[in-house]
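Below are the features I grabbed from TrEMBL:
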type	residues	note
BINDING	204, 206, 276, 457	Zn(2+) 1 binding site
BINDING	276, 316, 423, 455	Zn(2+) 2 binding site
DISULFID	87-163	disulfide bond
DISULFID	90-155	disulfide bond
DISULFID	118-129	disulfide bond
DISULFID	219-224	disulfide bond
DISULFID	225-248	disulfide bond
DISULFID	383-429	disulfide bond
DISULFID	582-586	disulfide bond
DISULFID	592-605	disulfide bond
DOMAIN	83-167	domain 'Saposin B-type'
TRANSMEM	30-52	transmembrane segment
């Protein structure tokens with residue numbers, strides 16, 4: 001496919017599959033801090049001069065791939081006094097630690113040791129370590145003191161399954177109504193000349209209020225192109241005016257340019273906006289910072305979209321600490337009420353009273369945007385592996401999935417169709433949550449007309465199959481591209497063509513278009529930003545329609561057609577792919593992700609590998625700790 005004048009990605013230093021796995025992290029090492037802090041909170045009450053190297057560690061179960069810490073031990077053997085810890089001693093230790101934390105949680109001491117570990121392990125610059133630990137420590141101590149983590153589970157986490165079973169996220173099931181499932185009925189194509197609606201899709205805007213042109217885009221911090229990033233060496237260019245191909249977010253002027261230039265892509269019947277408004281400076285965000293981002297960007301969206309209704313979903317970056325979304329049973333200052341109340345106030349012009357009520361309780365809602373269509377906005381933070389509050393109880397947080405079943409059953413009874421919007425895609429969720437959601441989608445396949453998510457920052461999709469054979473495609477979730485450049489991307493947005501507003505409409509996606517801002521061109525001195533259509537899905541991929549079977553077939557066509565896959569790879573990165581090609585392992589890993597709307601389910605990719613080499617190829621693909 002021609003590059004449409006978009007940069008070919010020169011300057012990228014890593015292989016494409018490596019970048020794909022890392023792109024959505026605040027920093028490859030910083031993720032260790034967030035998850036490792038939980039363990040540090042326990043160890044901090046013990047002698048802080050003695051640390052043990054775990055034989056195996058499972059920060060949070062992700063796709064069944066244990067993370068081995070042995071690779072990071074040798075460089076630090078001189079910095080620590082490493083000692084072996086036996087299984088019986090481990091269980092005695094954690095029994096005492098659990099008792100000590102519950103009796104007298106010493107937050108200051110916990111934080112001090114966490115900072116030392118962060119510094120010694122070179123996880124992040126010292127200022128980032130200090131700010132992040134101070135931001136997280138209160139909530140993390142609260143979580144660990146209230147969690148159901150037993151000594152056996154903690155030692156299984158540290159020393160491996162021979163010492164205990166890490167099942168804090170054990171299986172659970174929601175209840176489905178006794179109403180029999182209707183026979184599957186694929187939607188009929190709309191009649192020629194039937195109305196078609198255009199729905200604008202915005203996600204992952206990530207406004208950085210400290211973005212500064214000319215600053216270092218390759219600084220040591222997890223987020224660059226900022227006032228604190230300093231200036232680049234004389235031999236290197238600084239951050240561009242409209243954004244930068246690096247670990248940088250966007251200035252407000254770029255978001256304003258996006259919204260101001262929407263005219264050629266419209267008109268729009270409505271807007272789906274799936275969250276992540278603040279920047280990736282997650283180590284130093286205050287509640288005031290998050291609320292400023294919420295109100296500033298909401299006001300900007302309202303300014304340029306005017307009377308067009310906007311339906312938002314809650315992203316994982318809206319809170320601080322990032323990913324910290326306590327279930328509603330957490331009350332007081334550590335609850336999410338400060339955020340949900342602010343969202344309800346900011347979004348009140350777009351949402352009816354019933355939607356605002358559940359938004360204030362749990363960050364999710366349902367409404368009827370037009371006759372025959374129900375829109376459900378889910379708070380996907382209740383499925384997130386990085387939401388540390390779920391260590392207390394991860395069973396259907398806030399009762400959201402059971403509520404979803406009720407909404408879908410009511411829609412089925414009325415003969416309505418349903419769109420679901422959310423931030424984190426279901427294939428990236430905790431296993432039990434993801435499998436329950438998959439079961440719900442299979443049960444209500446006739447009712448669900450569309451699913452729309454963001455979070456990964458790239459352009460992809462996830463296919464759902466029947467649970468009996470895992471072979472009949474019955475639904476597809478579209479994962480739209482981000483507005484932000486983070487990391488090494490062009491800014492972008494999506495427009496969906498939906499079966500229109502008329503009696504008998506299927507409300508399904510008929511096609512979609514992706515628009516980008518080519519930063520290479522936009523950042524030329526005195527140039528003006530020009531947002532242009534990058535591609536149309538059906539035209540580019542040769543699809544007869546945009547139904548699940550067509551996307552399923554596309555995956556297998558890309559397996560066998562290298563040129564077609566490279567077109568997808570180029571568009572996956574919004575016209576700015578890594579310079580290194582995506583070889584066979586990378587291609588199979590990427591395609592497997594498109595087949596996997598259910599977490600930790602390698603059987604979904606069993607037909608993808610012609611020679612049956614699923615385990616080897618699957619090892620290249622694991623869900624990352626996402627941004």
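Numbers here mean position along the shown chain, with the first residue as 1.
Quick reminder: no glycine exception, Cβ is built from N, Cα and C everywhere.
All TrEMBL annotations are machine predictions without curation.
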Give me the CA-CA distance between residue 605 (disulfide bond) and residue 423 (Zn(2+) 2 binding site), in Å, as a whole number.
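One finds 24 Å between the Cα atoms of these residues.
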Which one is closest to residue 129 (disulfide bond) in space, judged by CA to CA distance, out of the recorded positions 87, 90, 206, 423?
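Among 87, 90, 206, 423, 206.
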Distance between residue 224 (disulfide bond) and residue 248 (disulfide bond) at the Cα atoms, whole Å?
5
Of the recorded positions 225, 248, 383, 455, which one has its Cα closest to the Cα of residue 204 (Zn(2+) 1 binding site)?
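When the Cα distances are compared, 455 comes out closest.
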If I take the alpha carbons of residue 457 (Zn(2+) 1 binding site) and residue 90 (disulfide bond), what is the distance between them in whole Å?
41
Starting from each candidate's C-beta and looking 10 angstroms out, tell me which of the disulfide-bonded residues 87, 163 has the most other C-beta atoms.
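Going through 87, 163 one by one, the largest Cβ count within 10 Å is at 163.
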State the Cα to Cα distance, in Å, between residue 455 (Zn(2+) 2 binding site) and residue 276 (Zn(2+) 1 binding site), rounded to an integer.
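Between the alpha carbons of residue 455 (Zn(2+) 2 binding site) and residue 276 (Zn(2+) 1 binding site) there are 8 Å.
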Taking 10 A as the limit, how many CB atoms besides its own sit near the CB of residue 586 (disulfide bond)?
24
Going by C-alpha positions, which of the recorded positions (118, 206, 219) is nearest residue 316 (Zn(2+) 2 binding site)?
206
Among all the protein chains here, how many other CB atoms are within 10 A of the CB of residue 429 (disulfide bond)?
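For residue 429 (disulfide bond), the count of other Cβ atoms within 10 Å is 25.
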Average pLDDT across the domain 'Saposin B-type' (83-167)?
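Result for the domain 'Saposin B-type' (83-167): average pLDDT 72.
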Roughly how many Å lie between the Cα atoms of residue 429 (disulfide bond) and residue 219 (disulfide bond), rounded to a whole value?
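So the alpha carbons of residue 429 (disulfide bond) and residue 219 (disulfide bond) sit roughly 31 Å from each other.
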